[in-house]
Amino acid sequence: MGNLFSRNKSPATELERVALSIDDLKKRLQTISSSNTNTLYYYYMSIVVILSIAMAHTWLRFEDPQKTYVACALMLGAIGIVLAGRYVINGFFSWRTNRTTQKLENAISQKTTLLDLVKETLKFKEAKEILDRYEKIEQNTTIDKNDSTLKSPSPIKKLTADSSMFATPKQEQKRVETPTAQGPNSAMNSMNMTPYHQRNRNAVPIRPFLRQTTAFDRVLDYFMSDGPNCRNALICSICHTHNGMSTPAEYPYISFRCFECGHLNPAKKMGPQIPLTRPPMGPKGIQHNGRVGPSENTHNMMENQKPSTDLTPSASQNGSEKGSDSENEKVPESKTMETEFH
């Protein structure tokens, strides 16, 4: 009969009850974890005290050969008791934490259903007050849990988001159809922006991949000095953003552009100038850069130095002079031949 005459509770009172139960369950989880650590600490300390008393008693009572056997037995027994007690204590507290986390998940799901019910049934002002009260609490708890540094949105954006939540389809259609008026200043600013700033306006730096290093990797890093602990970070001088890492030998000679602000950070030192060397010669006088070697060059020069067949006056005069010289050289040879014959 009580169910027939019972009045339905309002969503606001139900949300308050669920929020209180969620806070209670979170506090209970914290107390369970702290009590787990405290119990293990007191358990270990009590075993150490009992073991030290037992070792002193055996040292004073038993003789030399029996003393060592009893001490070894006590040590083995203490190790077994420690492991068994630790297993039992951790199992008990893990069961308690699983039970409370199950209740917490049920309470959170109930809270989300109640918030959806508030959005559907209540008026705009009442629903907005309830959502601002309970959704803010949920957002703050998630931020504290994840240790994130996110900025809260402005009140104007929050009001527009809440109004869009309760808007009808016709209102949403009108909102889409009416374009936002952009002034000339915004157009000029977008034109004056460089492509780098247009590309990196909403850029988020990539989180580095953290690999799990084994003992062998740590030994190699210690001897080779090639791990992340042996590198220098590239920090921007303007916005102090991390832009990667480099080896200590390359660090003074590296210039880089910042990922966040686009500032060009020059190198601290100028690198050593490497002298230009001539590429080595390959087979058949061909160099590695595709040029022709000295053997073919000399061949071409010899071909260019062949006697010319031009019939110019200078060439004919040179030819006549050469002919007269050859005749003068031939005359004494004939005279010598005649004298020898006679």
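Heads up, the Cβ atoms here are built off N, Cα and C, so glycines get one too.
So that you can see what the record holds, here are the features copied from Swiss-Prot:
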| type | residues | note |
| --- | --- | --- |
| COILED | 13-34 | coiled coil |
| TRANSMEM | 40-60 | transmembrane segment |
| TRANSMEM | 69-89 | transmembrane segment |
| COILED | 102-136 | coiled coil |
| REGION | 161-191 | region 'Disordered' |
| COMPBIAS | 179-191 | compositional bias 'Polar residues' |
| ZN_FING | 236-261 | zinc finger |
| REGION | 278-342 | region 'Disordered' |
| COMPBIAS | 295-321 | compositional bias 'Polar residues' |
| COMPBIAS | 322-342 | compositional bias 'Basic and acidic residues' |
State the residues, same chain only, that lie 6 or more residues beyond the ends of the transmembrane segment (40-60) and have a CB under 8 A from a CB inside it; answer 'none' if no residue qualifies. 67, 70-71, 74-75, 78, 81-82, 85-86, 89-90
Go ahead and report the DSSP secondary structure tallies for the zinc finger (236-261): helix first, then strand, then coil. 3 helix, 7 strand, 16 coil
